[in-house]
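Per TrEMBL, the features are as follows:
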SIGNAL    1-22  signal peptide
DOMAIN    262-355  domain 'Transglutaminase-like'
ACT_SITE  C270  active site
ACT_SITE  H329  active site
ACT_SITE  D352  active site
BINDING   N392, D394, E441, E446  Ca(2+) binding site
Amino acid sequence: MSQSLKQLILHILHLLIHKFLGQNNVQHKTNKFGKERLIIRRGKEISITLYFDGRNYDKETDKITFIVKTGPMIEFELADQLRKNEWSASVHKNSGSELSVIILPPANSIIGHYSLKCKISSDGKSATAEMGKFVLLFNPWCKDDDVFMDNKLDLKEYVQSDQGLLYQGVKMFIKTLYDKDILDICLAILDQSNNFLANPAKDYSKRNKPVYVSRVVTAMMNSEDDKGILLGRWSSTYPDGVNPLTWNGSTSILQQWYKNGFQAVRYGQCWVFSAVACTVFRCLGIPSRPITNFNSAHDTNANLEIDCIVDMKGKKIPGASRDTIWNFHCWTECWMKRCDLKPEFDGWQVLDATPQEKSEGIYCCGPTSIKAIKNGHINEKYDTKFVFSEVNADHVSWCLDEAKKLRKISVNTSIIGKFISTKGVKNDERVDITIFYKCPEGSAEERQTYNNANIERINIEPVDKEIYLKVITPIKHMNGSDLDIEIYLSNKATKEKYCDIMITAHTILYNGEILKKCGKKNESNLPIGPKKGPLFNDSSKDCHLQKASVSPAMHWSINSDCDYICL
């Protein structure tokens, strides 16, 4: 290498890191991650200045090439103008010994860790200098980025905010994303995925797509079939681990997973999966928010029904159906363009990291367009039918009679998918977003949704067309107090009828798992006069829950299995 060329590149090495890191990070809205390194967003320019020692830069004889590498390596020459759709660099100002340069990563760049080199060629010789490393993230402020969101106030909440609320009764869950090592941990999640371990080159090539990245992250939240972050457990005991209710932030979970060599952290439930996923998405630059769906269906056989099968005494038959209704269930929404679908499905997408059912062979759910859910397009990618069922399934009760035949005895089309909630923008108020998932019950729009989904809502004849029964339980109930249940019977016949009524109440986990019976009441040969009703109102003391029996590790509710009458 000639002495002239040595002098030319002498001061390039540390310029990017030391002189221009701060101003670039501020402009890219990444300064909260720290001041130690360059963290930028795709589709937005960065500024550097090259200082030459010994002689000035000569455009005619000196050729400057920049080399960036994450997985793939890309070379691009210093030019007069920037090129929008590819890596490019242009001269901003030439002062002889100082050359101000603008570098533009395109809005569809691969995200991740990068190295930057500068190669200078002159008089037939060349030399390369290491300029440093940087991190490239998604850019929701850039119109050409697939995660672009055109609302600055929303972006402060859904990308920049490092705290939040997650609704699961009265509990809250705080997320953090600017703590030590969190950004590196979030990028390490991609490197520990099955996709990367199986084919690194193929995985790298897809890291420019938020649909792909969000799906990988969602799969990595649970550890069912990979080196995922959390081990799920739904129980009253949590050996060798942490009760999911105890977690109050994402940082300790992510740091523990990273520190322990990517071993799953014990334990998580839906709100923990959702909150950690939300932290990771925001850290990578994808707008996201945690969602809670009350009375959330888990449809295990994709028939858009939650089947409850009981015997003649009203007791659920073990193993007869795996379908459940969760008191509440949490997932994460991410904002993105769906380049793999029609434009009408852009916007908020459901990503559900709780391991429930497999999707393409792994425990992962989404991204699912909420517009596809609302309008009944259940065959669109990914897992739309499953999420549609979570908010729209019919609750169907069956009775196994004495002849071992199943009798469909009741259908509730309105119980599933209530009070779908998220935190308000820049405040802690609950915002109900149910209208974005579902059309109003009984509306023409709802009928069109079911037509689009090719679903015929179930209508069954009552067991006795002349006898009608309705059970009303309180919306709110205090643990340790009596539970009042109201039962209404109506006889539309012209003659008196006699009914046997049985009610059982159980304590259940929030995911629908029955723990034990806490109350039972029978009424035999109850006379109902002709054209009468309602005539039976019971305030039952048998359904009393002792306060001391309620474990703080559980979410408790009363579940009435009175879905049939014997005549």
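Using the three backbone atoms N, Cα and C, a Cβ is placed for every residue, glycine included.
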Which entry in the list of recorded positions, D352, D394, E441, E446, has its Cβ near the fewest other Cβ atoms, using 10 Å as the limit?
E441
Where does D394 (Ca(2+) binding site) sit by DSSP, helix, strand or coil?
strand
Can you tell me whether DSSP puts D352 (active site) in helix, strand or coil?
coil
Quick check: of the active-site residues listed here (C270, H329, D352), which one has the Cα closest to that of N392 (Ca(2+) binding site)?
H329
Which active-site residues from the set C270, H329, D352 come within 10 angstroms of E441 (Ca(2+) binding site), judged by C-alpha positions?
none
According to DSSP, which of helix, strand or coil covers H329 (active site)?
strand
What residues, ordered by sequence, lie under 8 A Cβ-to-Cβ from H329 (active site) and sit at least six positions away in the same chain?
C270, T292, N293, S296, H298, T354, E390, N511
Overall pLDDT for the domain 'Transglutaminase-like' (262-355), taken as the rounded mean
94
Inter-residue Cα distance where the pair is D394 (Ca(2+) binding site) and D352 (active site), in Å:
21
Where does E441 (Ca(2+) binding site) sit in the DSSP three-state scheme?
coil
